[in-house]
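Taking it in order: structure first as structure tokens, then the write-up.
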Amino acid sequence: MPRAPAIARTLPSLRRALEGLRARRATVALVPTMGALHDGHLALVRQAKRRASKVVVSIFVNPTQFAPHEDFGSYPRTWKADMAKLAEARVDLVWNPDVGTMYPPDFATRILTEGPAMAGLEDRFRPHFFGGVATVVGKLFAQCRPDVALFGQKDYQQFKVVTRMATDLDLGVKIIGVPIVRERDGLAMSSRNAYLSAEQRAVAPTLHRVMKDAAKRLRNGDDLETVMADGAGTIVDAGFALDYFEARHAETLAPVRSIKDGPVRLLVAAKIGTTRLIDNIGV
């Protein structure tokens, strides 16, 4: 039976555990999560084990990245299942602080992100989101002091924002993006997929199918504006409320007029029922 990872819930216990992990000059990889772990998270852990000799997984449902009308209260919390998966994956340490540890009553500091990565995508529809993400990730980096940190590319804009923050603030952390892990029908794995009804789950892979078709058409030379309009129409016709379906430069997230403008990423966000799904694909 796999050995359960050590668990730290206070800063002193985290520091003691990290001192033990760093004995003999071990390198440390951090995988930040909000729990409700799936195979996408475990892919991050597998990559982490290749990149460092010790792996820390944080589990913290961060309230500051949720707006009042969003799903903080109902976000899946599956501690026992998560710990079983992390034991099987042979994770060394789980950092599981509570809200009071991360945000004491007198907490008064935020990290605000600017620049090209704030590109009118998630930041437009969830204006609170990146301030919360940058602040909690900055704290996790300060607490755990990892050599590398791994982020899934499903949250592509988040990956770019965190990479920029780590560079700008000289945090000394190498940020590694890990490709999206998908279900057999193409749906990007997400903890929020648990919200989908059977009918919604059957429709959800439409997003990936539309992006694959759009990417193929663009590679074949079709007009970008026409391709994106066709894809948006298909998404809406399938029953989604579309926030955006856009083609952006894969590095800067600047808008592009054609795939000749550089490496291109297609990004989508849409709601089916009350569940908001995001996805992206390279062209």
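Cβ coordinates are placed from backbone N, Cα and C, and glycine is handled just like the others.
Taken from Swiss-Prot, the feature ATP binding site covers 34-41, 152-155, VAL181, 189-192, and the record attributes it to sequence analysis. The C-beta environment of MET34 (ATP binding site), restricted to residues of the same chain at least 6 apart in sequence and closer than 8 Å, consists of ILE59, PHE60, VAL61, ASN62, TYR75, SER191. Secondary structure from DSSP puts MET34 (ATP binding site) in coil.
The active site, proton donor annotation in Swiss-Prot covers HIS41. Neighbours of HIS41 (active site, proton donor), defined as other CB atoms within 10 A of its CB across all chains, total 26.
Within 10 Å of the C-beta atom of GLN65 (beta-alanine binding site) sit 21 other C-beta atoms, taking all shown protein chains into account. Taken from Swiss-Prot, the feature beta-alanine binding site applies to GLN65, supported by sequence analysis.
According to Swiss-Prot, the (R)-pantoate binding site annotation covers GLN65, GLN158. Cβ neighbours of GLN158 ((R)-pantoate binding site) (same chain, under 8 Å, six or more residues apart in sequence): GLU122, PHE130, VAL133, PHE151.
Other Cβ atoms within 10 Å of the Cβ of VAL181 (ATP binding site) number 18 in total over all chains. You'll find the Cα of GLN153 (ATP binding site) roughly 11 Å from the Cα of HIS41 (active site, proton donor). HIS41 (active site, proton donor) sits 9 Å from VAL181 (ATP binding site), taking the CA atoms of both as reference points. The number of other Cβ atoms within 10 Å of the Cβ belonging to GLN153 (ATP binding site), over all protein chains shown, comes to 19.
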